[in-house]
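Chemist: The transmembrane segment annotation in TrEMBL covers 12-28, 35-53, 108-125, 132-152, 158-179, 191-218, 238-258, 299-316, 343-360, 367-386, 398-416.
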Amino acid sequence: MPGFNLSPTSYFTPTYLICWLLLGWLVLRPKWGNRLFLPFSLVLLFLLRLPSICFNNEINPDESQMITQAMTLAQDPVYFRSVDGTTGGPLDSYALVVPSWVGLPFDYISAHLLAFGLIALFLIFTFRAAQLWFGIQSAQLALFPLVLLLGMTQNGDFLHYNSELVAIVLLALATYLLARQQQSVPVRPQLFLIGFLLGMVPFGKLQGVPLAAVVGLFTGIDVLRRPTFSVPQKAGQLAILGVGSLLFPALFVLFMAVSGQLDSFVTFYIEGNFNYATGGNQLDNLLHLPRFFGKGSEFAWLVSLTIALLAIWFAASQLTRPTQNGLGVSAISADRANRADHLFYTGFLSLLTLITFYAITRTGSEYVHYLFFLMGPLMLWMAYIWSALLAYNQPVQWLGLGLVAVYLLSFGVQALSRYQQGTPMNPYPSDNQGGWHLPKADIVKEIVKYAQPGEKLVVWGWRCDYYVQAQMPQGVAENHTIRSTFAHPMLDIYQRRYVADFKRSFPPVFVDAVGSQNLWMNDRKTQGFEIISPLAQFVSANYRYVGLFNDARLYVRNDRFNANR
C-alpha cells in the first residue's frame, strides 16, 4: 500500500503532466485513440485519486456512518431493523457490503475504492450516452474536464463515499439506455430495464427521484413520437416501462412487510426524509446557486467552463456559419440528426438541469456532495455544445480548446500556490498510517478491552468512526443521534425507537461521545444521553461508568466490567 505525505510533489508532477498529454490527445486525435481514450482517462482518474483512496480515515463523517451500517447489515441484513440510513438510501449501505465479498475489510480504503468504482461507472455510462447522441470526439471533450475535477480536487465532498453515488450510476445507466433506444427501435426488455433502474433510484437517494422522473418522461416521449407504432403498441411499451419502474419498489416493500419493518420504512424513510430540511424559501435557495457552486471549489470552474463554451457557440452562430473543415464534424450536422432530435436533446437537457437545480436546493442545506447530481447534466451539455463547435472553423474550435487548457492550467496554478504557501497539496496523508492499517482513538483502545470485534456497540452523539475503528456493528438503528436530540416533529418517535433498540441489543459497551470532539453535539447538559429518561435509567441500572476518553464518557455493562476486573 503506497503512502503519500502532505506535499507529494514527486507524484503530483508526473500525473499532472499526463493530464496535459491527454489534452494533447484530444487535439491531435490519433485514429487509433478512440477506443483507448475512455480506459486511459479512467486509469488517469484512479492515479489522481490514489492519495485520497489510500487515506484510511474518514474524509467526511458520512463515510463512517455508512461503513458502520454496512458492517451491521453483514450481520443482520434487514434494513430499518438493524440500521437507518436517514437521508441516504438502503442501496448506499448495502453497496458497501460488496467489497467484503472479495475479502476487503469494512474500512475507509475499501469505501474509497468503491467510491472510485461507482464514479468510473457513472462516467462510462454518461460518456456512452454522449457518444451516441453527439459523437465520439464531443464525448471525449466533455469527459476530460470531469476527470480533472474528480481527480485533482482536494474537496472532500467529491472524494469520499457518499449517498449520491449509487443514484447517479443508476441515472447514468438509464440515460445511456435511453440514448440507445433513441438511436434505434425501442424494444420491450430495454424499456423494462430503464424502468427498473429508475425505480431503484429512490432507494439510493430520494433526492434523485425528480431526475429519474425526467429520464422516464423522455423515455415515454421517445416511444410516443415513433410514427411506425400504432396506439396499442405505444400503450403496451409505456406499460412495460411503468411495470419496470414499479417492480423494485414493490419488491422492497414486500421485503419490509415480510420482515415486519414496513411501518419503519414509511415512518423513518418516507416521512422522515420529507420532513428533513433546514427551511428557507425555494426561490432564495435557487438564487444562492452561485454561492453553492463556490462551496464546491473547482466545481465552480466546471460550471464557468460550460457557460464559456456556450458563449463561444452563441457568438460563433452569430458571426459565422458551420463548416465541415477543422478538427471534426458535428454529430448534429450528420444525416441521422434532424430537427426533432435537436428539440429532444435540448428539451431533455434543459428540463433535467432545471429539475436538478430544484433537487439540490430543496432542503437549503447546500451540502457540496449534492452537486454530484449536476455532473451528468453538465457533461451532456458540454458534449452537446462541443458537437456544435466542432462544425465551425478552426479558430472557433481552438478557442474552445484554449478554454479547456486554461481550466487544466488552473489546477496546476492552484497546486503550485498551495506548495509555495505551505498549504498541504494533499490533505489526506497516509505516509505514517502503517499501510492498510486502521488508526484507533484512545477511547477505542479502551472499548476493545471490554468487547470484541463483531459485538454490538452503541455511541450516543455523532462519532461513527468509533464503530469503524473498533470493527463493531451498531446496536441501534440510528448510529448518529441528531434526530434523537434536536427538536423536530418526530423527536419522540426517534427517542422511543432508540431506547427500544438499545434494550434489544444490550451492548457490552456504551459511549456518550457528546463533548469537544463530537460533531454538532458538544453540550453534555442539554445533549447528553440523559435527555431521554428511560435510557438514562437503563444505563444507570445496567452499566458502570469507566472514565472519560477523547472527551467522551465510556460505560461498560456490569457483567462485562466485573469479568474484566
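Glycine residues also receive a Cβ, built from the backbone N, Cα and C atoms like all the rest.
Automated prediction, rather than curation, is the source of TrEMBL annotations.
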Chemist: Kindly say whether the transmembrane segment (108-125) and the transmembrane segment (158-179) touch, using the definition of 3 or more Cβ pairs under 8 Å where each pair is 6 or more positions apart.
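Modeler: Contact between the transmembrane segment (108-125) and the transmembrane segment (158-179): present.
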Chemist: Let me spell it out: take the transmembrane segment (158-179), skip the flanking residues so only those 6+ beyond its ends count, and list any with a Cβ under 8 Å from a Cβ in it.
Modeler: 49, 52, 58-60, 62-63, 66-67, 85, 87-89, 91-92, 95-96, 111-112, 114-115, 118-119, 121-122, 124-126, 128-129, 132-133, 149-150, 190, 193-194, 197-198, 200-201, 204-205, 207-208, 211-212, 215, 218-219, 222, 296, 299, 368-373, 375-376, 380, 428
Chemist: Most CB pairs under 8 Å with the transmembrane segment (132-152): which of 191-218, 299-316, 367-386?
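Modeler: Between the stretches 191-218, 299-316, 367-386, 367-386 has the largest tally.
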Chemist: So which residues does the transmembrane segment (238-258) touch in its own chain, when a touch means Cβ under 8 Å and the partner is 6 or more beyond its ends?
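Modeler: Sequence-remote neighbours of the transmembrane segment (238-258) are 79-80, 90, 188, 191-196, 198-200, 202-203, 216, 219-220, 223-224, 264-265.
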Chemist: Using a Cβ-Cβ cut-off of under 8 Å, list the residues of the same chain that are 6+ residues beyond the ends of the transmembrane segment (367-386) and lie near it.
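Modeler: Counting only partners 6 or more residues beyond its ends, the transmembrane segment (367-386) has Cβ contacts under 8 Å with 60, 62, 122-123, 126-127, 129-130, 133-134, 137-139, 141-143, 145-146, 155, 157-158, 160, 162-165, 167-168, 171-172, 175, 207-208, 211, 292-293, 295-296, 299, 302-303, 305-306, 309-310, 313, 332, 345-346, 349, 352-353, 356-357, 359-360, 400.
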